[in-house]
Structure formats: C-alpha cells, structure tokens
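Trainee: Shown below is the structure under consideration.
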Amino acid sequence: MQFLGRLVGTIASVSNLFSNPYRVKEVLLSEYSGGGHVQLKEEGRMVLYRNTPSQSWDCLLLCPETPGVALRLFQVASEEDALNWYPQYAFKLRPFYETAGWPLKVETVQTISDCLRNHPDWSSAHIAVETGLRYCLKHNYVINCRDASGQTPLHLACERGDVSSVRELLEDCQASTSIKDHQGETPMHRAAKQDSVAVIQVLCSRACPGVNEQNNAGETPLHVACRLGRAEALKALLAGGARCDVMGSMGYPIHIAMKHNEKSCAETILTTDPSQLHVEDVKYGGTPLHWARSSEMSRMLLELGSSVNYLSKTGESPLHILTKKGRFEAAMVLLTHGADPNLRGEGGNTALHLAMKMDHIELIKALIVFGAEVEIPNDLGETPGLIAARTSKGIDHLTMCSPTFLWYSCLSSNRIDRVDRLLCLDGGGIKGLVLIQMLIALEKEAGRPIRELFDWISGTSTGGILALAIVHGKSMEYLRCLYFRMKDKVFRGSRPYESAPLEDFLKKEFGENTKMTDVRHPRVIVTSVLADRHPGELHLFRNYDPPLQTRDPPYASTATFTPLTIPQDQCVWRAARSSGAAPTYFRPMGRFLDGGLLANNPTLDTMTEIHYYNKSLRGRGAEVQKLGVVVSLGTGKPPQVAVNSVDVFRPSNPLEIAKTIVGAKELGKMLIDCCTDSDGCVVDRSRAWCEMVDVSYHRLSPQLSSEVMLDEVNDAKLVDMLWETQMYLYERREHIQALAQQLLQG
C-alpha cells in the first residue's frame, strides 16, 4: 500500500510538471524532510530543492507564520530552468514578503510569479506597480531601477494611469521624475500618452524637470499630447508649467496639433498663448495655417487672425500646400477668406500651376472662379494654360476661362446723352453667387466699381441683400467670400432655419442702427411682401422719399393697418432681412415675407417705380433723368424636366391615392415655380417694355446643367455652378464689352 501511495504521488507530481510547473501551491514541509529531497540553495525565505522521486527541482517560499506549510513557486523538470529562475524569485520576491506584514496568499504570489516570468527584466517595483501591490514600494529597494527598455517603475505607473502608485513612488519613495528610458522619454511623456490628467497633476505638484524635456524624437510631453489628441492631458501639462514655445524636431506643439488635425489641442494652445498663431516651424518656416489639413482647422485659424497669404521659407503660401495635397474643402476656406490664387511660390508656380500638374478638376475650377490667371509664367516659362494643354485630361479650353482672356477693351469713342442706368438683381438664395460672379466680370471690363456704374439698383431676397451691400461700398470679391463663409452658419440644421444667424450676419455687415437714407446714391430698391393683409401687397424699401401716390389703391381695405416705417427710420438690416424671409426657409420678419413671392425678378416693378418717381417731379423737370439702360441679372436657369402628372382628384382605390399624392406634390412645386419665376414671361415683358420706350435692355442669366437649391452648402456644387457661369460669360464676352461701354458712356 505504501508503494502504491508513493507511485500515485510520483505520477501526480509528474503530471503536474506537464500541466503547469509554475502554478503556486501550498505544500507540507514534511514532504521535503527526506526521502530523496535535497536542499540545493537557500536565500532569505526562498529554498531550492532537488526532488528525486518526481525528477524535478522545486522552489519553496517559507512562511514563518505557518512553519509546517510552504508555498511551492515552481516545480520544473530542468535543472537549467531552476537555476535560472531561482535567483530572480529570491531577489524580486523579497520586498513583497518583507513589507507585507502578513502571510502572502497563494493568489497573490501567483500574480507576482506570472508577472515576474512575463517581464523578467522588471524590478520588484515594476512588478508592484503592475500588480497593484503598492505596499512593496516602501521597501525602497530598487525604486529607480530600469528594465530592458530603460523604464523605471514610475514610467510604468504613469503608463498605467495608476495615480496611487505614482503618488506613493513620489511621496514615499522619492522616485526620480527625470530618468529617461531608451526612447528618451520621461515619466511625463508616458502620462501624456495616456491622457492621465490626475497623474500629470501629481507629477507637476512637485518640481518636475521632465515637463519640458524632449525625447529622442524631439518631442516634449506637449508635442506628444498634440500628436495623440490628448486634449485633457494637454490642459494639465500647460497648467503644470509646460511651455508652448519649445521647438521640437518638426515644429512647435501647435504645428503638431495642426498636422494631426487635433482641434481641441490647437484651441487650448492658442487660448493659452495667442502668439502661437504666427510661429514658424524650423524646417519650412511655415505657420500653423501651412500645416492645416482640414477646412475646420483652416477656418479656426483664419477666424483668429492667421495671415492667409503668408509665404514660408520655401516661398509657398498655405494655398500652395493645400493645392499640392489636393485638399479641395480646405483650399475653398482659404479662397473664401481672401487667399490670393496668383501668388507665385517655389519655382514661380501659382496654385493654378500646381492644380494643373495634378489635373485636379475641382481645384482648377475653384481657382479660376476666384480669379486665378492662366497666363502667369513660372520660372521655366510655363503658364497654367500651357500645362493644361499638355497634361489635362478633364478640362478643355481652360485658357478661355481666365479673366485675362474674358475681357478685352474695345470701347467706342462715340458718346451718348446722359441717362439713368438701372441694375436689377433676382432672388435665389445662395445662388446670389452667380450674381456676384457676373458683377465681378462687369467690373473688370468697365474698370469701375459697380456702384459707380448705376444710378438705380434694385433686388429681391439675395439680390436685395447684394443691392444694399453694393450701395454701402462692399467689394464684389469680398461679397463672394462672404457668401461662401456665411452659408454654413445660416443654412444649418433643418428647415425652417434659425433666423438669428442670418440676422446677426446682416447686423454685422450693415450695422445695427444704419438707416436706409444714410447712403443716398445710387438709389436702391429692395422688394418684400406685406403679409399682414389678404391679398398680400408688394412693398418697396427705398433710400429716398417714395413718389407721391397718384393712383388709387389696388384694394379697398376693411381693416386698419400699422403705418409703414419711413426710409429715414428704416434700418438697413431689417430691410434686407424682410426681403429674404423665404417661406419654409426662414420665419417671417414681422409682417414681411420674401419679395420673391411677388417680384423674384424685380425689373418691371423697379421700372414702374422709376416712372412714378419721375412723374412726381412735376415742376422740377431738371431733376428728371430718363432711364436709358436696364441690366437684369438672374441667378441661373435650371434645366427643364418632364412632369408626369399634376392631376389632383378624389381617389377611388390605393393606386389612385399614390397618383393623387404625386400629382399634388408636382402641382405644389409648379405653383411655387410660377410664383417665383424670374426667367420666363417676366423677361419678355421687361424686354418689350424697354423696347417700346427706347431703353437698352440687357438680360444675363446662365443656363445651369442641374438644379441648385436655394440652401445648397456643398462647395463642389457651388464651384460647378460658378464655373458654368464663367463659361457663360465667356460665350457672351462681346455682349459684356458692349454693355460696359454703354454704362461708362451713360
């Protein structure tokens, strides 16, 4: 029986070797008192035995509190393994059992053993941090010891975000915060990587030289936080004394934040140190705007005052960089904030040269739409047009689209009598960009600002806003950029849009208290609809005294209405807002709705107003000025499409319900189109009216390839719309030249 018992024990021991030789287990010391068990080594409480019956080497941890029981740490079949692991166990477990003050549990020792074997280069302190057995740190045994990668226990605690361990290492063990690992990183670098705010605060609560130290890659903890987007860690670092003006291998922290598109980090740095907006990186001399990769980041920097046309040491503007990278959306932000597309950069190349070489169609269109010249040569004598002819696969005849080629002066020496000149601008929401593009072309041809070319300017909705902007001296290029910037703020969310952003925009541009009569020339008319009565009535906002009413009112009234505000008391921004109160897009402006409901093309109504104005000047004939030129600009004509049905009837079955719904939808759309039509019969009537009274009439409105919504915000679609406008202007260049001549002579 005794033999069988020993046999079973031996088999169990051998099977244990093959299962897990490093499993910690309680054993009786009596089993090792003889019978083939030979003690080989003893150090502290650690004893190594050669177990002959089991053909193994056993490592035991003796426990003074339980003298009859020990913990077997490993039982291995190889003497080499035993002699290799025994010194590690003996050395590294010592701080744990000497500082514990109580018997170590099997589970605790197993955790330590596993960690020791998984990280043989770690010290006791590393293991204590990893396992959370912080009481061991008080041993002060190997507190600044480094592992194979050069990291100390403090590095490890910071990497784990273990605030308690960090505090204990610093306060009780006086661990050093300045030791660097083999990557040159201090514990602060590790804390920055993990976004460990509490750890950073503990590190910074005492003198911490590592807060501005650079690692081998030339990064301070602030650089690391910006690279990884650790916004909260970055705030804690700044609060703890980190400096924004430490140059790294690639640049300042702000450059790294821009490179990695970390907006929160960039905003925090710029709030802490606004001067970082203009700092240059060490290699290229680029500002943060040169490093911006997205439209959002570019917009943020520009709104804070970054220079949009700043040239780096390599002679490149931010627009050059974004063009080379093919970043259309971000480039659009620069263009709409005044970036010069004709700046010459490295090799004398403009942004258009670079876009042509890349054959980036969207960028090419955008640059030309914003005034890029195709005949500027680079240092090799190459023009963008030449590059396009040689390499472009997507655009033909680009040279024809440049403003340089669009306009040739051929003014006649013949003079005509002085007459009044009228400009009428249609409504169309964001398609007001089409109006602006055509006005820019007219300005270039005439060589004079639009406000100096006309005596009367009228507009509806977006055209009304532009009319007021022209009268108040806003440049066309500024308005084009303004429209692109404004759309994302105004057309946000779902319809109807919030009125506040539009109203704030109008107040900012025109002034909150500016009155209509503050600027008297040219005379301006803005249409709106009085919606506090039925039928609704067209109302004209003016910057002059209205003509006397010489005709009967159109309707007999059964109600008393509040008197209308006189021009001297009418705020400009309110007039603009009233004309742009498009139903379903914005809420009414008091009693006013969008003028497009009755006069989306305001030409006839404006000519009628001028007629009555002159008629009221009886006895003051010298002031009467004959209308001689009418220029009517549209916001683009959508393509005509087929309509299946506008039949609305009482359905008798489910199929007819669907037909009725479709018919009602199409009928509703047709009614809106008829109400707001600006390119159909109203143009024929205006032209006929002018021909009858011998007035020169000019109508310009490009045919668009697809319908563009009033609230379109997609930059690519809007650039395509302006591109088609530019092509349209080229096709009518002779008409534009003749018109400019006529306006200058008038």
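Note that Cβ sites are derived from N, Cα and C of the backbone, with glycine treated the same way.
Keep in mind that TrEMBL annotations are predicted by a computer and have not been checked by a curator.
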Trainee: Write down the single range among 211-216, 379-384, 427-432 that appears in TrEMBL as motif 'GXGXXG'.
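Mentor: So the range that TrEMBL calls motif 'GXGXXG' is 427-432.
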Trainee: So what sits near D594 (active site, proton acceptor) in its own chain, CB-to-CB under 8 Å and at least six residues off in sequence?
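Mentor: For D594 (active site, proton acceptor), the qualifying residues are G427, T460, S461, S528, V529, S579, G580, A581, A582, P583.
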Trainee: With DSSP as the yardstick, break the motif 'GXGXXG' (427-432) down into helix, strand and coil residue counts.
Mentor: 4 helix, 0 strand, 2 coil
Trainee: With DSSP as the reference, give the number of residues of the repeat 'ANK' (347-379) in helix, strand and coil.
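Mentor: Residue counts in helix, strand and coil order: 19 helix, 0 strand, 14 coil.
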Trainee: Can you tell me whether DSSP puts S461 (active site, nucleophile) in helix, strand or coil?
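Mentor: Looking at the DSSP assignment, S461 (active site, nucleophile) belongs to neither helix nor strand, so coil.
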Trainee: Do you know the mean pLDDT across the motif 'GXSXG' (459-463)?
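Mentor: That region's mean pLDDT is 93.
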Trainee: Quick one: give me the count of other CB atoms within 10 A of the CB of S461 (active site, nucleophile).
Mentor: 33
